[in-house]
Amino acid sequence: MGVEFLVGRSGSGKTRLIIDSIQDELRREPFGKPIIFLVPDQMTFLMEYELAKTPDIGGMIRAQVFSFSRLAWRVLQHTGGMNRPFVTTTGVQMLLRKLIEEHKHEFKVYQKASDKTGFTEQVERMLTEFKRYCIEPEDVRRMAESGTASEYRGERMLSEKLHDLGILYQQMERSLAGHYLHSEDYLTLLAQQIPLADVVKGAHVYVDGFYQFTPQELRVLEQLIMHAEHVTFSLTADSPSAEQAPDELDLFRMTGSTYYKLYQTAKELNADISCKELHGTKRHQHAPELACIESQYDVRPAAAYTGGQEAFTVMQAQNRRAELEGIAREIQSLVRDGGYRYKDMAILIRQPEDYKDLLKEVFADYGLPYFIDGKASMQHHPLIEFIRSSLDVVKGNWRYEAVFRCAKTELLFPLDQPEQKIREQVDQLENYCIAYGIKGERWTSGERFVYRRFVSLDEDFAQTDQEIEMEHMLNETKEWMAAPLVKLQNRMKKAKTVQSMAEALYLFLEDTDVPLKLDRKRQRAEEAGNMIEAQQHGQAWDAVIQLLEEFAGMMGEDEISLALFQQMLETGTESLHFSLIPPALDQVFVGNMDLSRMYGTSCTFVIGANDGVLPARPDENGVLSDDDREWLKAVGVELSSAGRERLLDEHFLIYMALSSPSDRLYVSYPIADAEGKTLLPSIVVNRLGELFPDHQEKLSAADPEQVSEEEQLQYLVNKQVAQTYTASQLRLWTREYEISDVWWSAYNVLMKEPDHRRAKKLFSSLFFRNEAKRLERPVSRQLYGEHIKGSVSRMEAFNACQFSHFASHGLQLKERQFFKLDAPDIGQLFHSSLKLISDRLREQKLEWRDLTKDQCRNFSYEAVERLAPKLQKEILLSSNRHFYVKEKLQKIVTRVSGILSEHAKASGFVPVGLELGFGGSGPLPPLTFTLKNGCTMELVGRIDRVDKAESSKGLLLRIVDYKSSDRGLDLAEVYYGLALQMLTYLDLSITHSEDWLGMKATPAGVLYFHIHDPMIQASLPMGLDEIEQEIFKKFKMKGLLLGDREAISLMDTTLEEGRSNIVNAGLKKDGSLRSDSAAVSEQDFHLLTDHVRRTFEQAGEAITDGLVSITPYKLKDKTPCTYCAFQSVCQFDESLKENEYRSLKAEKDGTILDWLKKEADDDANS
């Protein structure tokens, strides 16, 4: 047996020498003794391709490329040892999750931590590390029980940690014993079986690409040395370390220590040892700058390089996106102008999570093919989400979030239905479930979902044909969605063991045709040329089946709860990863600096070279701290490197990255993160600055205007990117900035392209103004018709903002409805409750003033009970919380009823109409208009309450409007058309009083009654009567009254002097009205109602003429945008010139009346 060491610095030709040696042997003896080429997992595909592409060999029978795991699989297949299946990392984590739950009561340290996310994974890593370093459960127990007399202050804590780990390690080994092999046991088994393996006997073994080995791997190598004919080890180091391991500060500490261990092993085995040192750098013979970096990077002091620097570039960028875009442009330039292929490029990242998603986005924009080395998590694959959400449904009372998470994976969809149609139906059902609060038994009881678009608390309507059709579709969708999940739920309820639960889940996947659906997704991905996605669909299904098989195999007869089953399955799916091979040869390689292995790379981009990233700070999130590891190492327990050693090894990884390309090296770093926080350059950048003092950093500018005109041409790499940058430059021009002529040329070229639709659309946005153009007459008529039938509130909405009215009444956009109790719902309940009470009084021939407190309470409770099932999809009956809300509402209605009764006792006014309709079947006719443009308009609605009183001047009428918020009548709002309801109601009542009531009436006022349950604050204790009196004052009605003493006295018969507690008016000693009374003359009322009618006409004409401008009003601090549902549609933005509020001047009531009088005089004189 012979052992040869190939030792040389990076780029010295070690791998090339091995490949050439293998190729020579294959040419010389194609069917000779086996050749084993042992490399890391990440390097197997690359080396297989390198050997296979040799044109004169034509295939390989003799030579094979292996990783340790593939070699184990091959040896054990031929020698035995495969009778017990291996358990994957996923299976181990699921088993550990179960063991943690069973034994957490025995833990000394990890009782609380065991419930945290990621704990199971950390434990699995630690136990795997024990196995790799040949530490048995008994060793862990012995370490935990060792004395605590050392100077290490954390030894007691370490002892307790090891105690807990020892329990789990021992229990895991017991669970697997005789049935399964841990995924790390394959190396131990491989070392045992190598003496029996024909593939090893007499073989030539080449080992390349490794920096260090675990004790398990060293045992395998020891057996290879003993049983192979010859073993060649290739290690990156500047010199052999045969007799002594290198100093810990040596750049090649890691590989030097590996050399020392291998040399001592070979020496103990009496192998024939030889060493071949490779000097110089073959890789960098045409790039002296790179040769300088390779040779001088770790030399201090190093001679500054003064030659040409074309092969080396440091790039600075504003942020990570600008950094990647700069690299993408550079790659395009190298391919286009430098004669390189994409496969000649490599991007190395120290922290891939910072760049991975952004890189996919940027490279897609630039049309760059790429392959990201490494295993991507399966967490976001539809199948994994389908399983997780399905179990959430059956365990979590069918919450709508879980149900629709499941549905939106599209794996629940019927196989034979058009997907787009099904998506729309699922969206509609989701909207229904959100609006109706569907959950739990509502899905499983068999009761049909009832759909009603139009519901009234006061009247019952028959279902429309449209409602019936929608209800049918909703129930059909519900049936096919719920049926398989109900079946899964029933099976899970019956299942008691892990085996039966795993079977139930598998049958669910089969029932829903998941294999066929995934295969269809795979075929579509292949047809679209997305080979990586195609691989993922197949791997996801295989991984899930293997997971269930391991689950059932290891713990099949164990009885567990559904909650623990779900928890273990969640743990298992979290550890699932895709293992992908490059789907094409000509791709940019994107790798992790510490794990990836490269060969034949011409241009390397080392990105993200920031402080704290390169070199990387050691991760201390493991189960054992760095101090724990250092102490264990001091007492002779070998584990993986502690943080201090890993930090030292970072410099070797950096060295390997910097020396990896043969032609060009780019080192880049951003100066800020996505949030604008400053990022500092790495010490690597500073070191390169020392080696190349004359080097000028290149700026990867996010915007072209930051670089010279010549450099701006580099931003025109392809049509899509050119369109984006051209649009951004022309946008600067629209803001009166100077731009290069390059962009006008680019604009002309792009607009002349045969397919220039995207460019045209993009460039048209440059001249976009956030304005809504007036609708053409045919469009306006089609939307609104020749006859408008609307409400007063609709006219108020139009006057508040024309566009908001257009969105709601023209486009008929609606907000998504939610199952919640909003202020309008409560207001509707109050209105309807008071109407029901009034109806009961009329039936029993009672007056409000006749009511006792008990009657108020009984009538109020009865009214709310009758209305609750009709309110907002029965929300008041849906939960204990809402039942409590219902009781609160009953108390408020009771309070209000009592106050109304007290008001009636002190008033000469009596209700003459409640919920009085005008238009339609109401007793009053609608308010009608013939507009100047030929259209007609009809306003309909309902008046809360009309009161009448007999006075010496005849019949008086007043309007009372119930509001759940405190408000009065602001004449400025009336003037601007924002508060038209009350005066419209008064106008209609007075105008038609003779037909309706048999005599002409005079306006007495308009009042708002605030429905609420007030709280009284007092600095001193108060008696019950005092409290009631204060509460009574809180219900004073606000509004506008007729400035007549008799009318005021009729509203409050108790008022003789001072302020009224019922209305916002008062009397002086002489009987005249106080100056602070909200009162006007009868003539003023007519002025106001005439103005309201003119406002309606103007609004109606504007609507039918197609006015839809985005001009919301602003009156003091009030604006309709505050509660507008359509802000995302109009995109109103004060920073834009064209978007300004329509500022309305706030004036006192007297000023408003003066304006109206002047306008009336002007009209009379015109």
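Every residue, even glycine, has its Cβ placed from backbone N, Cα and C.
Annotated [4Fe-4S] cluster binding in Swiss-Prot involves CYS1121, CYS1124, CYS1130 plus, out of the candidates CYS433, CYS603, CYS801, the residue CYS801. The Cβ centroid of GLY8, ARG9, SER10, GLY11, SER12, GLY13, LYS14, THR15 marks the ATP site; residues of that chain outside this set whose Cβ lies within 8 Å of it are THR236, LEU278, THR281, LYS282, ARG283, given in sequence order.
The shortest Cα-Cα distance between GLY11 (ATP binding site) and any of the binding-site residues CYS1121, CYS1124, CYS1130 is the one to CYS1130. It is 68 Å from the Cα atom of GLY8 (ATP binding site) to that of CYS1130 ([4Fe-4S] cluster binding site). Sequence-ordered, the extra residues of this chain that approach the [4Fe-4S] cluster site, with Cβ no more than 8 Å from the Cβ center of CYS801, CYS1121, CYS1124, CYS1130, are PHE803, SER804, ILE1110, PRO1112, THR1119, PRO1120, PHE1126, GLN1127, PHE1132. Each residue contributes its Cα atom, and for CYS1124 ([4Fe-4S] cluster binding site) and SER10 (ATP binding site) these two points are 66 Å apart.
The binding-site residues considered are GLY8, GLY11, GLY13; of these, GLY13 has the fewest other C-beta atoms within 10 angstroms of its C-beta. Comparing GLY13 (ATP binding site) with CYS1130 ([4Fe-4S] cluster binding site), their Cα atoms are 65 Å apart once rounded. Reduced to three states, the DSSP call for CYS801 ([4Fe-4S] cluster binding site) is coil. Cα separation, CYS1130 ([4Fe-4S] cluster binding site) to ARG9 (ATP binding site), rounded: 65 Å. Within the same chain, residues at least 6 positions away in sequence whose Cβ sits under 8 Å from that of CYS1121 ([4Fe-4S] cluster binding site) are CYS801, PRO1112, GLN1127, PHE1132. Under the three-state DSSP scheme, CYS1130 ([4Fe-4S] cluster binding site) falls in the helix class. Mean model confidence of the domain 'UvrD-like helicase C-terminal' (281-586) amounts to 90 (pLDDT, 0 to 100 scale).
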